[in-house]
Amino acid sequence: MHQPAIMQRALAVVALLAAAAAIAAAQGESPELLPFAVGAAPEGCDVGEGEWVFDEAARPWYAEEECPYIQPDLTCQAHGRPDAAYQRWRWQPRDCSLPSFNATGMLEMLRGKRMLFVGDSLLRGQYTSLLCLLHRGAPGGGGGSRSFETVDSLSIFRAKDYDATIEFYWAPMLAESNSDGAAVPDDRLIRGAPMNKHSSFWKGADVLVFNSYLWWMTGDKIQILRGADEDMSKDIVEMEAAEAYRLVLHQVTRWLEGNVDPKSARVFFVTASPSHAGAGGECYDQTTPVGAADAASYCGSTSRRMVQVAGEVLGASRVPVGVVNVTRMSELRRDAHTQVYREQRWAKPTAEQLAADPRSYADCTHWCLPGVPDAWNELLYWKLFFPARDEAI
């Protein structure tokens, strides 16, 4: 290995440890650390509460065109978005500051490890954001040192010089469902048990990050297939979405308790990403976040009931599940969705249709990259390396 590369990696780890030392100095004696942790977060720091600060000097972390991993439905600049200010907002927690994202340091901490994201297209956006952050902050050494492939439901990024993989597994409802394929069914049907099909891909992950919210929010009841019928059509009962969600999250926690060792692995749940798809496309033509004067009274569309269910079930897990709370911060960012500036995969309007009624074609659910998911990864980075003291083992 070349001497400059060794020095760069050493400095990256030193930077992480220096950040940990600064926090520890203010906190006194440190608790026993969780896997991957290098320090503990300051007491009373809720990184999910704060404000968006315009920071043209430090944001974005990377340019859209320089990241090879972004899907066409998230490349807003390439699809003609006329403004770019949505890329330049930095999340500032109310009572503390986030450490600077250190790409090389993160890869060093993941050396020889497997990090896996499991969930829906919103989590895939966060996964893609992380790959972009690592690509920009820790360029590969050439000679095929990085690779990326997608086979069916699994995407794998390999950082070969670190012997590390960062993966995404598509399971929008976590349990096996009729939403696992490319089609978007009108009704949601999930298998009540077991979780063998999906969870067989999850085993062995050293860092597991999962989410599930969007695909539950149809307004209709969820169909539950009981037993092991292969054609997904027999012995079906219906449940309210929140209770079906509870059922599946209980399955997930049981799987975690039987398959994850909290002394060597970490688990995180990313909270609901809000949609701003109100009547007439609430996000269309928005160019700034919800202002500070309106933020206190602004109430997003996120289902508080679903959030409550997730908190109750995951909070009772015997395997600690770190919560990455992105809901409130994202509710304030109605400006940062892909709107009409994306590849139109499903309903493909003509140019005339789009010009006549752009609001009806606006995607007010997914996020442009670079953008809001980068801030989610800053929170994940914080949680992974600087967990709260009450999360210590």
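Along the chain as shown, the residues are counted starting at 1.
Using N, Cα and C of the backbone, Cβ positions are placed for all residues, glycine too.
Looking up the ranges 147-150, 219-222, 275-278, 363-366 in Swiss-Prot, the one annotated as motif 'DXXH motif' turns out to be 363-366. In Swiss-Prot, CYS45 is paired through a disulphide bond with CYS96, chosen from CYS76, CYS96, CYS132. Swiss-Prot records a disulfide bond between CYS368 and CYS76, which is the match among CYS67, CYS76. Swiss-Prot records a disulfide bond between CYS67 and CYS132, which is the match among CYS132, CYS283. Mean pLDDT for the topological domain 'Lumenal' (27-393) in this predicted model: 90. Comparing the disulfide-bonded residues CYS67, CYS96, CYS283, CYS368 on other C-beta atoms within 10 angstroms of each C-beta gives the minimum for CYS96. DSSP assigns CYS364 (disulfide bond) to a strand. Proximity of ASN325 (N-linked glycosylation site) to non-local residues of its own chain (separation of 6 or more, Cβ distance below 8 Å) is seen for ASP46, VAL47, GLY48, THR271, LEU379, given in sequence order. Closest to SER121 (active site, nucleophile) in space, going by CA atoms and restricting to the recorded positions CYS76, ASN102, CYS132, CYS283, HIS366, is HIS366. Comparing Cα positions, CYS283 (disulfide bond) lies closest to ASP363 out of the recorded positions CYS132, ASP363, CYS368. Figure note: comparing Cβ neighbours within 10 Å for the disulfide-bonded residues CYS45, CYS132, CYS364, the maximum is reached by CYS132.
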